[in-house]
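**Student:** Please read through the structure below; I'll follow up with questions.
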Amino acid sequence: MAYYLGIDVGTSGTKSLLIDATGKVLAEAVAEYPMHQPKPGWTEQDPEDWWQATVATVRKVVRKAKAKPADVRAIGLSGQMHGSVFLDAKNKVVRPALLWNDQRTVAECDEITQRAGGRKALIKMVANPALTGFTAPKILWLRNNEPRKFDKVRKVLLPKDEIRRRLTGEFAGDMSDASGTLLLDVVKRQWSKKLLSKLELDPDLLPPVFESEQVTGQLTAAVAEELGLSTDCKVVAGAGDCAAGAIGNGVVERGVLSTSIGTSGVMFVHSDQPEYDAEGRLHTFCHAVHGQWHMMGVNLTSGGSLQWWIDNVVQGLAGIPKGKRYEAATAEAAEIAAGSGGLSFLPYLNGERTPHADPSARGAFVGLNLTHTRAHMTRAVMEGVVFAMRDSLEIIRSLNVPVDQIRVSGGGSKNPLWKQMQADIFGQNVVTLNAEQGPAYGVALLAAVGDGAYDSIGEACKATIQVKEQTKVDRKAASAMDALFPIYQDLYVALKDSFQKIASLQ
Ligand SMILES: Nc1ncnc2c1ncn2[C@@H]1O[C@H](COP(=O)(O)OP(=O)(O)O)[C@@H](O)[C@H]1O
Ligand SMILES: O=C(CO)[C@@H](O)[C@H](O)COP(=O)(O)O
């Protein structure tokens with residue numbers, strides 16, 4: 001048997017799954033962990049939690065599928081992007097990792113832009129402007145704020161690459177994930193020596209980078225034994241979770257857009273060459289397909305907003321198993337008409353990235369009246385999240401990038417109401433696929449390609465990914481949403497200055 005393992009080091013948890021060479025999912029498992037917020041706007045995780053979750057989920061899927069060690073031929077790794085794992089000379093972490101949604105690096109973004117010779121010069125070097133979530137500002141933050149710890153750092157790894165190091169003992173990364181460090185020359189697909197030099201960063205801090213299906217090492221003997229696998233098991237470069245999710249959604253050609261509602265919200269389009277939003281609102285990154293790129297818009301607190309709402313506000317869910325709480329809490333929202341009775345929610349609970357790169361943006365309900373209930377508010381949270389995604393879609397459409405089909409994914413898109421809202425708010429039918437596991441599935445396919453089961457990623461996607469069902473636009477709901485969208489857009493503009501003042505008090 002030839003089996004392939006996909007591991008996705010997500011924000012809410014790590015997911016592992018095992019597929020066979022036809023792409024059939026044999027077993028999957030998830031282990032959750034917390035995201036720490038030591039101060040407003042700061043987000044951190046302990047890389048040891050990722051490792052423990054990796055071991056637990058891999059052992060579980062191997063056991064569930066009754067796989068023999070030699071069956072599992074290759075592993076693909078995916079993970080939350082941009083996070084910084086700082087390792088010392090003995091490969092010990094010097095502090096918890098700063099995550100993709102951490103907002104503490106405003107000063108460092110300015111420093112990078114200035115050292116690069118301005119925003120235009122920076123975009124020329126690495127295709128993107130400096131944003132607080134990216135990795136380079138995190139490295140400078142450590143140098144500026146915790147210099148003793150910085151002096152100990154010998155390697156900086158992205159989350160999935162830290163898991164690779166523990167699996168194989170090798171330092172390596174891939175092009176798609178490396179794009180989100182702000183240190184990769186995205187056009188040439190190599191580290192930007194020019195920017196590293198301007199930032200006075202040692203290039204040796206970074207691992208070598210590979211294309212996504214390339215083999216970067218094999219399991220160490222100790223790890224193979226711990227996981228019930230073989231030392232012949234290869235580990236391919238893999239991809240950042242957005243590109244991995246796009247592979248898992250079969251987004252390997254122009255005209256197809258994939259959305260993901262995870263903790264973050266992502267709107268992802270494939271491009272055959274580097275394409276840019278002149279205003280820098282969309283990211284231009286390498287795709288996990290050789291010689292291909294993508295553009296995407298990212299919202300920081302999408303599924304995260306509903307999670308916050310349910311964990312902190314919605315009462316009466318204590319007796320309901322954790323996995324069923326979202327459905328229970330959103331059932332009452334489905335009873336409310338589209339538009340939530342004119343109530344808007346801005347999902348900027350931890351600042352925002354696309355289209356408002358603004359760490360000071362904050363969440364808000366606007367338009368409350370005495371007739372509104374908790375159900376209206378739950379619905380408004382869900383609608384606000386999709387309005388934020390429509391902001392990215394409007395930019396993509398304005399750049400004349402074709403969007404012939406929208407494929408929805410992520411934990412949030414499993415919810416039928418959120419799926420319908422995406423069709424209604426985007427004003428375009430959306431489809432779901434047979435493979436619903438997104439990033440973990442995408443990197444399992446990359447592992448299959450790396451092992452030679454398929455000649456190319458495109459071929460692997462064509463053979464394994466099919467449209468399962470279509471959710472059609474409800475015209476009445478869509479026109480209610482169209483009426484609310486410009487109001488939603490105006491609210492950020494109206495509240496921007498107040499958000500600044502509020503953030504300074506927090
Ligand atoms: N049944 C559900 N209904 C609505 N939302 C859900 C449901 N299950 C998960 N979610 C949403 O999905 C998010 C997690 O998605 P996932 O893709 O697993 O995230 P991540 O990659 O960030 O770990 C949660 O924050 C939650 O908002
Ligand atoms: O910042 C980004 C992409 O630029 C996020 O998409 C992270 O990669 C985390 O994703 P989830 O854990 O929410 O899926």
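The backbone N, Cα and C atoms fix where each Cβ goes, and this holds for glycine too.
Summarising the annotation, TrEMBL assigns active site, proton acceptor to Asp241. Taken from TrEMBL, the feature substrate binding site applies to Met81, His82. Annotated domain 'Carbohydrate kinase FGGY N-terminal' per TrEMBL: 3-248, in sequence order. As annotated by TrEMBL, domain 'Carbohydrate kinase FGGY C-terminal' applies to 258-449. Under the heading site 'Important for activity', TrEMBL lists Asp8.
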**Student:** If you run the three-state DSSP split on Asp8 (site 'Important for activity'), which class comes out?
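**Tutor:** Going by the DSSP assignment, Asp8 (site 'Important for activity') falls within a strand, counted as strand.
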**Student:** Given the recorded positions Met81, His82, Asp241, find the one whose Cα is closest in space to the Cα of Asp8 (site 'Important for activity').
**Tutor:** Asp241
**Student:** Long-range neighbours only, meaning 6 or more apart in sequence with Cβ under 8 Å: which ones does Met81 (substrate binding site) have?
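**Tutor:** Sequence-distant Cβ neighbours: Trp100, Leu158, Asp177, Gly180, Gly240, Asp241, Cys242.
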**Student:** So which of the recorded positions Asp8, Met81, Asp241 sit close to ligand 2, that is, with a CB under 6 Å from an atom of it?
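**Tutor:** Those recorded positions that pass the cut-off, since their Cβ is under 6 Å from ligand 2, are Met81, Asp241.
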**Student:** Over the domain 'Carbohydrate kinase FGGY C-terminal' (258-449), what does the predicted model average in pLDDT?
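**Tutor:** Here the mean pLDDT over the domain 'Carbohydrate kinase FGGY C-terminal' (258-449) amounts to 94.
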**Student:** As a test of the contact definition, list every same-chain residue at least 6 positions from His82 (substrate binding site) whose Cβ is closer than 8 Å to its Cβ.
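**Tutor:** Result: Leu99, Trp100, Gly133, Phe134, Thr135, Lys138, Leu158, Gly180, Thr181.
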